[in-house]
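Asks: Pasting a structure below so you can have a look.
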Amino acid sequence: MVFTQAPAEIMGHLRIRSLLARQCLAEFLGVFVLMLLTQGAVAQAVTSGETKGNFFTMFLAGSLAVTIAIYVGGNVSGAHLNPAFSLAMCIVGRLPWVKLPIYILVQLLSAFCASGATYVLYHDALQNYTGGNLTVTGPKETASIFATYPAPYLSLNNGFLDQVLGTGMLIVGLLAILDRRNKGVPAGLEPVVVGMLILALGLSMGANCGIPLNPARDLGPRLFTYVAGWGPEVFSAGNGWWWVPVVAPLVGATVGTATYQLLVALHHPEGPEPAQDLVSAQHKASELETPASAQMLECKL
């Protein structure tokens, strides 16, 4: 009897009671899954000379990765996976502003770590493809496996607009999916529909710079490549492109949130919502599981 109870007791000691800590762990794992699968698809295509992957397979893998990542952490952290979406959730009141920098830090750290995992996984393939010469530009460049870079014709102004518009479309779509006063999505299928949204964006807006739309997805891997052997050119390439996929998605998230709220959400009839959205349900469940003292601490945070 003692032996059968031991695993349960151990699990009880390991269980984390803090809501914020659980959210951080779930967000870290979700971003890690997203990045490893997305970068793996790109690495497979690039290092094989596109004999084992292409433009379509990269975006398909990325959309499926988003779906899986949301299932991983959706009911714990909300599976934001993206500082731009976290910002949108703060704007609409679904995430406390005080948690925004914490979410962003976790997302950046996870993207950095996932890039390291991708590098280790494809280390031999990278060495074979490049001959040990890791470059940011040129016919054998491999930096784009990890971070995004603009097409040769793309100006910074057009690239900035690309990211504002693309992220705005992303946020409009996500808010519509989560809006129970609108058409809505059957419970549990939200991740699938979000994956379809990502695929549509990739296939329609991916040519200019690969639709980063996510500051953590771009900056975390870029920092990794800087320290892993690609050097400072990861920041100077594309006329100093690096800041565009960091700043523009945040602008796009603000624009997209304001657009959906002003044109759709604000005009719903007054009254209770038909059903709780994924994030609200998660918070309610967390409150029921969290002791009163922990809830007080959460409020202070």
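Using the three backbone atoms N, Cα and C, a Cβ is placed for every residue, glycine included.
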Asks: Checking the topology in Swiss-Prot: do N54 and P96 fall on a common side of the membrane?
Replies: no
Asks: According to Swiss-Prot, N-linked glycosylation site sits on which of N75, N133?
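Replies: The N-linked glycosylation site feature in Swiss-Prot corresponds to N133.
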Asks: Looking only at residues six or more beyond either end of the transmembrane segment (23-41), which have a C-beta under 8 A from one in the stretch?
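Replies: Hits for the transmembrane segment (23-41): 16, 53, 57-58, 60-62, 64-66, 68-70, 72-74, 76-81, 99, 102-103, 106-107, 109-111, 113-115, 117-118, 121-122, 145-146, 216-217, 220-221.
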Asks: Among 56-75, 97-121, 159-176, 189-205, which stretch has the highest count of C-beta pairs below 8 Å with the transmembrane segment (242-262)?
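Replies: By the under-8 Å Cβ criterion, the transmembrane segment (242-262) pairs most with 159-176.
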Asks: Taking 10 A as the limit, how many CB atoms besides its own sit near the CB of H80 (site 'pH-sensor')?
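Replies: A count of 30.
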Asks: What are the helix, strand and coil residue counts for the topological domain 'Extracellular' (42-55) according to DSSP?
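Replies: The composition, in the requested order, is 7 helix, 0 strand, 7 coil.
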Asks: Under DSSP, the topological domain 'Extracellular' (122-158) has how many residues in helix, strand and coil?
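Replies: Each residue of the topological domain 'Extracellular' (122-158) counted once, the result is 14 helix, 0 strand, 23 coil.
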Asks: Is it possible to get the count of other C-beta atoms within 10 angstroms of the C-beta of N133 (N-linked glycosylation site)?
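Replies: N133 (N-linked glycosylation site): 11 neighbouring Cβ atoms within 10 Å.
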